[in-house]
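Participant: Right, I'll just put the structure down here and ask away after.
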């Protein structure tokens, strides 16, 4: 182990693949870790606290979503099924945060053994992809509801029963490299047993760059293309609709929600994927700047943290803003929800079919 590595570098191995052993193996990019920087790890002291905060808030709001779905009587809507699975993926992702908070608290010393390292590392990756994939499904579903309202009215819940297993299978496949390579390795210089991606030494750089680019493409670029295309298509369609009075208010609400969904996804995940892409470039030898590597090491823990906050935001974007959320909450818990009371605009029964379908955004 070379003596120029800092604690911060180990953070890449929570969702990334910077190695901490076998650094002299052939096939690696020596310039990526020949830097002499050793930034302070003082900033890591705040990470566990922030992880626990996200865990508590995110777990609470997603539990409410899951409870509403499980207690809902009658047939389930396609959009409700997607929201339930999104909340479930977020819950499972958030459930891993206490372990990673402990990992940070002990300066990357994994205390839970190699099996838990492999299982929870894979669990985190699987549900991260599942959450992003279900956000994409929600975007496509809402696009269909607004652009093709008559066809969407004929949708049956059983149609979602095909999509949901497919999404979970895709998430499982995306997490297979993590399940295969994640393991505990002793880092003598740091005096820790780190939970890392233990790629073959002779191909470490290639594997690290490949996995990083895979996460960029499957976890951000492709979903963002779908999400942005769907919501800008909705915006274009609704702006062509002549709406007045309450219909216009509803239309404006939908447009704001469309923008909020796109912005939330970008704000939460763009920093992580930019740093992951830069990390891939260092492994490929395209970037050899020690300053860039230092920035990646310093910023990545907070970028990962920001990505996890998306799991806290999702219930507010897809469930809590609904016109019927207060009524659903009352029917399930049978208590007055005075803190949720506010002005609710009732849509006209004579509005166009496209505007009727906009209720899928706020229901």
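Including glycine, each Cβ sits where the backbone N, Cα and C put it.
This is the feature table in Swiss-Prot:
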| type | residues | note |
| --- | --- | --- |
| BINDING | 103, 104, 182, 204, 215, 279, 297 | angiotensin II binding site |
| DISULFID | 35-290 | disulfide bond |
| DISULFID | 117-195 | disulfide bond |
| CARBOHYD | 4 | N-linked glycosylation site |
| CARBOHYD | 13 | N-linked glycosylation site |
| CARBOHYD | 24 | N-linked glycosylation site |
| CARBOHYD | 29 | N-linked glycosylation site |
| CARBOHYD | 34 | N-linked glycosylation site |
| MOD_RES | 354 | phosphoserine |
| REGION | 324-333 | region 'Helix VIII' |
| TOPO_DOM | 1-45 | topological domain 'Extracellular' |
| TOPO_DOM | 71-80 | topological domain 'Cytoplasmic' |
| TOPO_DOM | 105-114 | topological domain 'Extracellular' |
| TOPO_DOM | 141-159 | topological domain 'Cytoplasmic' |
| TOPO_DOM | 182-206 | topological domain 'Extracellular' |
| TOPO_DOM | 233-257 | topological domain 'Cytoplasmic' |
| TOPO_DOM | 282-294 | topological domain 'Extracellular' |
| TOPO_DOM | 321-363 | topological domain 'Cytoplasmic' |
| TRANSMEM | 46-70 | transmembrane segment |
| TRANSMEM | 81-104 | transmembrane segment |
| TRANSMEM | 115-140 | transmembrane segment |
| TRANSMEM | 160-181 | transmembrane segment |
| TRANSMEM | 207-232 | transmembrane segment |
| TRANSMEM | 258-281 | transmembrane segment |
| TRANSMEM | 295-320 | transmembrane segment |
Participant: So which of the disulfide-bonded residues is most packed in, judged by how many other Cβ atoms lie within 10 Å of its Cβ, out of 195, 290?
Facilitator: 195
Participant: Roughly how many angstrom lie between the C-alpha atoms of residue 204 (angiotensin II binding site) and residue 195 (disulfide bond)?
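Facilitator: That comes out at 16 Å between the alpha carbons.
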Participant: So, does the transmembrane segment (207-232) come close enough to the transmembrane segment (295-320) to give 3+ Cβ pairs below 8 Å, pairs being at least 6 apart in sequence?
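Facilitator: They do not touch: fewer than three Cβ pairs between the two stretches lie under 8 Å.
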Participant: Let me make sure I understand the span of the angiotensin II site: among 103, 104, 182, 204, 215, 279, 297, what is the greatest distance between any two Cα atoms, in Å?
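Facilitator: 24 Å is the greatest Cα spacing among the residues binding angiotensin II.
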Participant: Please name which of the disulfide-bonded residues listed here, 117, 195, 290, is nearest in space to residue 297 (angiotensin II binding site), Cα against Cα.
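Facilitator: Smallest Cα separation from residue 297 (angiotensin II binding site) among 117, 195, 290: 290.
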Participant: Using DSSP, how many residues in the topological domain 'Cytoplasmic' (71-80) fall into helix, strand and coil?
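Facilitator: Counting residues by DSSP class gives 4 helix, 0 strand, 6 coil.
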Participant: Three-state secondary structure of residue 297 (angiotensin II binding site) from DSSP?
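Facilitator: Assignment for residue 297 (angiotensin II binding site) reads helix.
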Participant: Using Cα-Cα distances with a 10 Å cut-off, which of the binding-site residues 104, 182, 215 are near residue 117 (disulfide bond)?
Facilitator: 182
